[in-house]
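Record features, source Swiss-Prot:
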- 6-26: transmembrane segment (TRANSMEM)
- 81-101: transmembrane segment (TRANSMEM)
- 106-126: transmembrane segment (TRANSMEM)
- 131-151: transmembrane segment (TRANSMEM)
- 165-185: transmembrane segment (TRANSMEM)
- 209-229: transmembrane segment (TRANSMEM)
- 277-297: transmembrane segment (TRANSMEM)
- 305-325: transmembrane segment (TRANSMEM)
- 336-356: transmembrane segment (TRANSMEM)
- 377-397: transmembrane segment (TRANSMEM)
- 400-420: transmembrane segment (TRANSMEM)
- 464-484: transmembrane segment (TRANSMEM)
Amino acid sequence: MKAFHLLLFDGSLIFPECILIFGLILLLMIDSTSDQKDISWFYFISSTSLVMSITALLFRWREEPMIAFSGNLQTNNFNEIFQFLILLCSTLCIPLSVEYIECTEMAITEFLLFILTTTLGGMFLCGANDLITIFVALECFSLCSYLLSGYTKKDVRSNEATTKYLLMGGASSSILVHGFSWLYGSSGGEIELQEIVNGLINTQMYNSPGILIALLFITVGIGFKLSPAPSHQWTPDVYEGSPTPVVAFLSVTSKVAASASATRIFDIPFYFSSNEWHLLLEILAILSMILGNLIAITQTSMKRMLAYSSIGQIGYVIIGIIVGDSNGGYASMITYMLFYISMNLGTFACIVSFGLRTGTDNIRDYAGLYTKDPYLALSLALCLLSLGGLPPLAGFFGKLHLFWCGWQAGLYFLVSIGLLTSVVSIYYYLKIIKLLMTGRNQEITPHVRNYRRSPFRSNNSIEFSMIVCVIASTIPGISMNPIIEIAQDTLF
């Protein structure tokens, strides 16, 4: 009876995750038992599961931090806000994908199952409190990501991207586990994050070469999920070859989940090696901001350009991880990631809509879009300007707060690189916007000349995601203070 009550108590701490599990089971049951599948029901079940999970998470807000399942999971505000961000990404990505799936005639059930399972893995990864749970949750997230990227099995580019993603992902997981083994051995056989710190103190191994080896391997393993340079090789190919809604989903959820995990791993087990991991992350941030933004200038594909742009963006996020909670670094990182979700998903919603009408992804083919679809052109322009960090859009205030926290922490060189590369990013975003707004007939491509808008009824779902993301991307600076205050409340 005591064990039952303990299980019931621990289960209540993962109630948002249980809602998603119930939604997964319901989808599987309907798909396997019903001959005539009503697609709208599948969307309704998956979207309702995500919204209910968000609601359950918000009801648990400000509760005392708790450890569940014998130390495997921890619930606190810091973990929960990352879980909220992952759920928000998934909720916005489902309506963004509806029209694409219908037009490409992909299997809807499997797509939604993979989305929900990836979300579930990301949520468990955010709350994981020991090395084994971190690895299992990460693999749950990763395996479903591989399946999503190769969802269009008949597409050669998708198959190529999935193969690269799978091989490099498997290698990075092996490297991560090797780093965990060094951490496990150095701490005297501990796997819980806080107990590892105590174990390192007891064994006097907190400044040993073994810890530095563990730090190096774990940084490489987590770096693959964050995709900073030089761990970025998979990103452009996967972005270009995968279905666009999948790219939109993975581009934000992978970074949110990996950032949550990286923050806890670096901040707790490597507490005594803060100088070393700060140096490692500074190198990654500098390489990411410079290489990502410079290579993005040369791209001709919108999705490849956004891939390199995301590499630069993760460099900005790493600044917040380095600063930590002493100077508001975590709060600024969370705030910027919230804005990044809206900016990035809004951009991808526009790309999905344009791609379905024209069948092209080439940047040159966007020339003159404003003359045919001013709403889509303006939405894309606003999201790109926000990604570039132009005032008074949300991206500007997010970057401003992030850079200010880095400057206060003494990261002058890192912030200077961030400012310079932000100017570079504005250049290639403005180059696209100039193409969108051109009105000269000789520059308008045949794709735009033959552009057709589908009836509102068939694309209202993607327009819903687009409107939400565009509004969130253009939030004025007056909204920054309450958002930052909420983010600061999450610090552990």
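Backbone N, Cα and C atoms are what each Cβ position is placed from, and that goes for glycine too.
Where the transmembrane segment (165-185) meets the stretches 131-151, 209-229, 277-297, 377-397, 400-420, the count of C-beta pairs under 8 angstroms peaks at 209-229.
Spatially, the transmembrane segment (81-101) is adjacent to the transmembrane segment (336-356); three or more Cβ-Cβ distances between them are under 8 Å for residues at least 6 apart in sequence. Between the transmembrane segment (277-297) and the transmembrane segment (209-229), the number of CB pairs under 8 angstroms, six or more residues apart, is three or more, so the stretches are in contact. Ranked by number of Cβ pairs under 8 Å to the transmembrane segment (377-397), the listed stretches 131-151, 209-229, 336-356 are led by 336-356.
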